[in-house]
């Protein structure tokens, strides 16, 4: 290679012939053919009754039901996320009482089917006919409400779905909190931050990165779980409303398609929202595209705390010395 | 002059020691990592703790700011017991709030930096004075910028830790600890996770800090730093202090076989 001496450092860009992937094309064609056959067939098949689908897709009752489903989802998830964070933090707190309460909650609400729980919530007014405020087991009573008067099927659905989901959310949040490097906790503690400050300022923001993707999953799952509120019974949500309409028209299949289109529309929007949330909480962590870091980008010195390799004197000495 | 005396200054008795350990022991389960450690650190003193891995150096450091609780003995910082309150003969566990108040006075720098990755360098330095001491933001920011300048990182204030080199991260971590205006700084192998060419910049900052009169306890493998900066060198092995004294003396003329064996490997 002695002939290279004196040649300019600027070298010619590579113009290689791209590697061919013939099987990809074959599979793509096969799938397209199958899809086309299915679509053409579906378009002609009378059972799908596309005319009815078009007629009912924007039917006032259906779009109102879609809004109810969205409300149920959002309200239930707000309860679930708030309660879930609280339960997860309780579970990891140094206080054994809080720990036990959180454990029991998750055991109870995760251990029984959501359908069964919704039936129970529906029967709450039968089980507890009045809500009394006073001193238990005495005749002292300051106020009393008829349960029937203060709750309705919608809110019972929200509570039933939210409390059930909180158990799952708490496990998701807990996994996120535990995933944060213990050094973060130590650093915050060593600075004199309280346990609460450490949680809210240091641990939770970092845990969000781990918490958000499965939470997005749970929101999408909740959107569809709302169809179970018929157990309460509550029937103004998307699925049960479309079922009721098809009970009148004796034509269930187009109504199923209508409901599916609405569910897909909402989940698609939720996926977009999740994308932006994930970007927001990736701040400072392995985001090399982020402009704020300036020239830190292309050098070999990028290091993520807790992920870099110690490369000098006795790398494991510290860890070994501690335990 | 015996080599095992730890407080060399004759006037040491007159002033309150910054750190005083008397018979400090620590066990994890049945594993006793520290066995009756006694030593004194005067205000303004720089003490280097050296020794093989597993000798209990880091654990001792973590006891001083109560990241671990001691099993027996007495440990006090600036005259007050760490983690406990003594009334008569009885010891009472401190409320976490009071323990946190004690820790504010003690800065700690970790081997793995432990910067908060979701905050910029400046935010890292500002966090504790702002949230813990509840000082006004403008004042905190000014001091944070001054501290970053002091560690040579004025132009990196808005960088996230992931965009800083290891040496820069560790210097931010030192600035973060200094922001709480501690009276004692603990360094737990501050250069062990760094690439060799980055060690110097961190040691320079520490030297500057030492010359400014800060009381420092440094667990390190950097014998050159210990020789140059430390007032006292303590060699630990197997959970006990094997020997201690003037760093030059200990390094040049170790009295104990274990010290000699260790030094022959690291020097």
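Every residue, even glycine, has its Cβ placed from backbone N, Cα and C.
Predicted automatically and left uncurated, TrEMBL annotations should be read as such.
As the structure is a computational prediction, the values presented were derived from the model and not from experiment.
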**Message:** Need the matching range: TrEMBL marks transmembrane segment on one of A:23-43, A:170-190, and I'd like to know which.
**Reply:** A:23-43
**Asked** Given A:253-277, A:278-302, which one carries TrEMBL's transmembrane segment label?
**Response** A:253-277
**Prompt:** To which of the residue ranges A:64-90, A:199-225 does TrEMBL assign the term transmembrane segment?
**Reply:** A:64-90
